[in-house]
Every structure is written in C-alpha cells, then in structure tokens.
Amino acid sequence: MTGLRHLLSAADLDHAGAIAVLDTAAQMAATQSREIKKLPTLRGRTVVNLFFEDSTRTRISFEAAAKRLSADVINFSAKGSSVSKGESLKDTALTLQAMGADAVVIRHHASGAPHRLAHAGWVDAAVVNAGDGTHQHPTQALLDAFTLRRHLAGGSDNPDGVGLDLAGTHVAIVGDVLHSRVARSNVLLLHTLGARVTLVAPPTLVPVGVEAWPCAVSYDLDGVITDQQPDAVMMLRVQRERMGAGGGAASGATSFFPSPLEYTRTFGLDARRLRMLPDHAIVLHPGPMNRGLEISADAADSDRSVIVEQVSNGVAVRMAVLYLLLAGEREGWS
Amino acid sequence: MTTHLLRGASPLGGAATDVLLADGRVAALGADARSGADAGTVTVDADGLVLLPGLVDLHTHLREPGREDAETVRSGTRAAAAGGFTAVHAMANTSPVADTAGVVEQVWRLGRDAGWVDVFPVGAVSVGLAGTQLAELGAMAHSAARVRVFSDDGQCVHDPVLMRRALEYVKAFDGVIAQHAQEPRLTVGAQMHEGAVSAEVGLAGWPAVAEEAIIARDVLLAEHVGSRLHVCHLSTAGSVEIVRWAKARGIAVTAEVTPHHLLLTDELARTYDPLYKVNPPLRTAEDVEALREALADGTIDIVATDHAPHTREDKDCEWAAAAFGMTGLETALPIVATTLVETGRMTWADVARVLSSAPARIGRVDTGPTPQGRPVAVGEPANLTLVDPAARWTVEPRQLRSASTNTPYGGRELSGRVVATFLRGRPTVLDGAPVDTDLDGTDPR
Ligand SMILES: [Zn+2]
C-alpha cells in the first residue's frame, strides 16, 4: 500500500489508516515519558509551519512534534505580512519549494487553501492541514479520537486502546457546528472509527446540507444528555462575532442567537448538565475556551474534563502524522 | 464587396441548399444562388454543415474600459466571432461604469472599430452600480449606442423602489431591465451553492432562495407597472417555477440561462479550483435538469454566456480570494449542442431561437440600423454561422481566443464546432479560425 502524500481532511483516512495513526501516536506518547524525548527519525528533513491565521497553540504543538522527531522547523507566520494583501498563496508556496521544505503544515482562513497548496502543482512537499477556514482540522480530530480511545476503549492491560476503534461509543458535539472545522473533521473520523455522533446546536448554527453527514442532529442538549447518556461531550468554541447585542456584533452581521445568556442557558455545559452525564463520560474542548459561555469553570476544571490531556495528546498525534508522511510508507494509509 | 456561395448548407438543420451572400445580405437560395454566383464569388464548402442566423449574446463582459488586462472589446469580440456570434451585449460593470451616454458610446465605437461583431452596450440601471440613484437611462437610450437593455449586473437592484422606478422609466423607449437576481443580505460572503456540498467543504453558502426571492418580487413589480423584465442567468429549479408561473399569468418576463448552468454542478467545488467559482454559483444536478427542461419547453427564453474573463492572478489562488466568473463565448454553442441537441431535446431551429432570434428580440436589436437575429431568408442581413454538428473537439484553454484562460471546460470533449461566421456578408471566421486580414490582404478593421 502506498503512503498517503498529504493529510488534508479526516476523509483521507480509512479505518485501517486512522487506527495506524492512533497506534503510532501511542508509540510516540510512550517515548514522551522518557527522559530524552527526542527521536532521530526526521533528522535532515525540513518542516515548515505556514500560518496565515493566528493559532499559537496549534503552531507550538506542531513545532514540538517536529522537533522531537529531530526535523528542522521553520515558522512562517504570514498573518499581517505581505501575504494578507499582496503576496499570494502561490508565491509563498514557490518560496517554500525553493527552500526545500519536505512538509508544509498550513493553517489558513480560506477553506480549501491546503487543498490548493497540495494539488495546484506549486510544491512537492507533503501538506498537512492544520485548520482551513470552516472546512477541516484533521489532526484535531485525531487527537480527540486518541483521547476518546484512551478513556473509552482502553483497559488496564491496554491503556491506550492500541488496535481498537470507537465502535459502540456515542459522542455529542455541541455548539457552533456551522463554522467549525473541528466538528466537520470529528464527524468524519469518529464515523470512520465506528462511533455514533450527535451534533447539538441551535438550528442557526447547523449548516444547510447537514442531512448528508453520517451523524444525528439535535437542538436539545438536555434531551440528548438525559435520554441518550453520551459517553463523551465535545464542546465547540463560540466566536464573539456570532453573538447578539452586547456580544460584539461590530461587523453589523446579524447574530446567530439572541444573546450570550440565552446561548449559555440552552447549550452551555455547566455543573447541572455535568451531573446528568453518565459516570464514565468525559468532556472535551478543542480550546481556547470561552469560560462562562459554552462551558462553565465547573465543567472545564472537573475531573471528567480531559481538556489538558488533549493538548499533550496533540503533540503525540502530530508526531505520528509527520512520521508517517515523511518517514516512508506505512501500512493502512490508503 | 466579395460575394460568397455557401454550397450545401442546411439552414436550421433542414434540407441542404446553396446560399449566396452579396452586398451584406442573403441574395439568393438554391438554384438562384448558384446562377447568381460569378467568377469573383468565393465558394465555401458547407456540405454537412448547419446554417444558423448569427448568434446574439445578451450577456457578455468585455471588461473595457478598465480591465484591459483581462479582455478588450477587440479580443472579446474576436472570441465571440469564433464562437459563432455576430452580436454581443456588453455588460455595464466596467471601470468607469457604463452609466452615461459617454461611456456607452465609447464601448459602441470600440466595437464598431474592431469589426468582429455588433457591440450593443448595456447601460447601468443605477449610477456607479451603487443601487441608489437612477443612471441617465434616457440619455443612454438616445445616444448613438441606442441602449435598450439596462442592468446593474454583478450587483442586484435590490431596492424595490429603485427597481420599480427603473422598470417604469424604460417603458418610454421600450427598454428592459435585466436583473442580476441576488438578495444581497442573504449572500454576504457567499462562495458557492448552499447545500450538501457547501456543508461538507466549508465554503459559505449562496442559497437558492436569494435568487428566487428577488425573481418573485420582480415579476410582481413588472406585472404591477406593466413593464418588461429580463432575468439574467437563472440558475435554480425554483426560479424556473416562478418564471413559469409569471408567464402563465401573462407577465412580460423573459429569462436566460448560461451554458455552464446547463452543464456543471456544485460537485466541482470539491476541487477548490476557482475556475468553477461563478456567480450565481453552480447548482445541483436537479437544478441542471430543471434548467434544460425549461429551456426546451420555452420557459427559459434564451442562452446567454455571462462570459466573464479574469486574469490568471484573479484565479490562481485560494477559492475565497478568487474572482467570480468564467469565459464562455467559444463554448456556448457546443454546450447547447452537447446537452440539448445531441440528446434530442432541441432542434437546430430551437438553437437559432434561443441563441439568436429571441435574444435579439429581447434586446430590441432585431430592427434598427444593424438588425440581428433575423431569419435565414432572401433579403435579410447576411449575419450567419456555419456549424459542423458532427465535430467533436477537446477544449484547450490556450487555443481559445479570449485574452483570459479561465474556462472551466479545459480537457472536456464537446460536440459541434463553429466553422464560419459572416457579419453582413463579410467572413469573420473561416475554417474555424478568425479572419484576421481581409481576403485581399488588407485589414478590414
Ligand atoms: Zn450577473
């Protein structure tokens, strides 16, 4: 089986490919508990972090992953530079090509920008999508799946759930689905791994066309928690510009819900809803959180919250992705 | 002037005959044509070729003045001739906007001097396409350009009062308002058709209702004030239903569809290739089928290209940053042939109607100093196109004549090819190629 050239979407991974990434990530995580964390695997290879959009947490996660594999890392922050107006994605790509990049990790505000970078013939490098517009964020979905697998599939003899998928688990993804690349990636990957997904959001924050997605949709968070007892709840960040009066609708755009208070009352995860969840259920959030809006401090800091662990798992998953893309062919990558 | 004898041509796909072109007119048909030819007559072998009235485009962006890097009147009309056209209506969204008699006369003169096709400028409805104040519609109508079609195309005339006034005002000179139907608030930031594909690929949706709501409002306004309304580039099944209803009610509405909306769907957005980014967006397969059916049954009156050339830098980028639009003059007739004639849903006589006589009638250029869209008959102006219906060819973007290469059909095989075009008896295209110098070696333009 030939190796995957790029990771642009969670849809690029079939069941075997997804398991291979998660199992590789488990190996990578094991090395990270050692005293010397660095592996020589990607010595001499160059990984470029090309960020057209601010995301310090994602950039440092990829940077740590590449460095622990001994790759050379170049950070190219394009936001606010010539790129935003004059210099095109194409010219930036040609520059990276001339620099001999082996992999380009790209974060871009435009959906499909990584796809263009990979397929327009501008660069030879492997392209990793680190979040594009409202499209995809596949490594986020992988780290979420890794975290879910550890808590919901693994046992005492196999704490990371190596070799296992997420069959039989039910994950509720709550919040701004319409604008969320995290939701799109998770729906695809969790479905591939056999999990059942329910999206929960006000109807204004669910995209027209969602009927084609392999998941259920509900407008009733209390109903989902009470009646379906999900094994995990993933809270999505609600951006300020989606809010109503007082929330900063400075753009003049019509808000997607009446007020932050009404949103929190209806779709926020607070102590009461936390208590309604089954005992084994865990709480995820891709960060950064709006405490008091989509998630209360009680929920964010509770012992069910795996939000801090998601961050460390992110490094292991990104190590696995870079390793599998750059260190040659691996089984299960379609 | 050189006379031409078209040997064995099939007018509107009917029985083969000979056609003599002399003094800018169809001089004779059949045996009279052969006997009317003399030693100086140039014979064109038209055996197996369909003879159509020269095509008339009601919706062309020639980009001049202002964006001569994408297209000029000369390059765009040369491409038009290559596509079988003898007339195009040049849209008003140039820089400066064609909202005064001065600008429309400039475009009209550029077209006349280029000599490839008749250029009929479209006048803007509102000053600067800003949608607030009526442009000097009367001055444009009474200028040398004789403007009859008014449009803010690229923008929707969304203010209902301005739309009503425009519809009423142009009655004085039998004008028509050609509406780009797009409710602006429902399409802020819109990138592609809103549906299953947009939900998946994460591009902001352009909902069908944003088009349909404006068309519904406008047909009611047109009925109320008794005016003519033309709907540009109708793209959804729902729009077809509204136009069908309006026509049944006797409202004076006409509608156009573009070749790309007859062929391509929103699935192409999955490539994120901005060649497929267009406004209104590519819709679903169900919409495509509804549009084909409506064109065949006459609910949609015409095919218009919405030829929209763009420079490479406006397309060689990420989807959201790219310009809307695709070229279409040289592929319009082949797409109609491929999607509707080859499938048996339309005849060549229907093609002549939707690509020549009906658009000429809507634009009121079927009469006047340079009539277009006339029947293939003795005494009529010799604006003619010869088409090889059996030719199959593969679109090669760099071989097309537009100054821009943003065709979405590169590599696609199409049926039907323009072999020759005549503008008032003078060949602008022969053997499938533009005639860049006259037959006696002088530049006719
Ligand atoms: Zn338009």
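Each residue, glycine too, has its Cβ placed from N, Cα and C.
Take the CB of B:D306 (active site) and look out to 10 A: across all protein chains shown you find 29 other CB atoms. Annotation comment: TrEMBL describes B:D306 as active site.
In sequence order, B:H59, B:M91, B:A92, B:N93, B:V122, B:A178, B:H180, B:C232 make up the list of same-chain residues 6 or more apart from B:D153 (Zn(2+) 1 binding site) whose Cβ falls under 8 Å from its Cβ. What TrEMBL records for B:H59, B:H61, B:D153, B:D306 is Zn(2+) 1 binding site.
The DSSP secondary structure for B:H310 (substrate binding site) is coil. Residues or ranges marked as substrate binding site in TrEMBL: B:H61, B:L62, B:R63, B:N93, B:N279, B:H310, B:F324, B:G325.
The Zn(2+) 2 binding site feature in TrEMBL is assigned to B:D153, B:H180, B:H233. Mapped onto three states, the DSSP output places B:H180 (Zn(2+) 2 binding site) in coil.
Annotated domain 'Dihydroorotase catalytic' per TrEMBL: B:49-236, in sequence order.
Screening the binding-site residues B:N93, B:D153, B:H180 for a C-beta under 6 A from any atom of ligand 1 leaves B:D153, B:H180.
With a cut-off of 8 Å between CB atoms and residues at least 6 apart in sequence, the same chain places B:E71, B:G76, B:A90, B:M91, B:N93, B:D306, B:H307, B:A308, B:P309, B:G325 near B:H61 (Zn(2+) 1 binding site), listed in sequence order. In sequence order, B:K277, B:V278, B:N279, B:A308 make up the list of same-chain residues 6 or more apart from B:F324 (substrate binding site) whose Cβ falls under 8 Å from its Cβ. For the domain 'Dihydroorotase catalytic' (B:49-236), the mean pLDDT of the prediction comes to 98.
Apart from B:H59, B:H61, B:D153, B:D306, the Zn(2+) 1 site neighbourhood in this chain, defined by C-beta within 8 angstroms of the site C-beta centre, holds B:T60, B:M91, B:G154, B:C232, B:H233, B:A304, B:T305, B:H307, B:A308. Using a 10 Å Cβ-Cβ cutoff, B:H233 (Zn(2+) 2 binding site) registers 24 neighbours. Neighbours of the Zn(2+) 2 site: apart from B:D153, B:H180, B:H233, residues of the same chain with C-beta atoms within 8 angstroms of the site's C-beta centroid are B:H59, B:M91, B:S151, B:G154, B:A178, B:Q179, B:A181, B:Q182, B:C232, B:N279, B:P280, B:D306. In this structure, the CA atom of B:H233 (Zn(2+) 2 binding site) is 17 Å away from the CA atom of B:L62 (substrate binding site). All protein chains shown were included, and the count of other CB atoms within 10 Å of the CB of B:N93 (substrate binding site) stands at 22.
Within the same chain, residues at least 6 positions away in sequence whose Cβ sits under 8 Å from that of B:L62 (substrate binding site) are B:E71, B:T72, B:V73, B:G76, B:T77, B:V88, B:A90, B:M91, B:T94, B:V107, B:V119.
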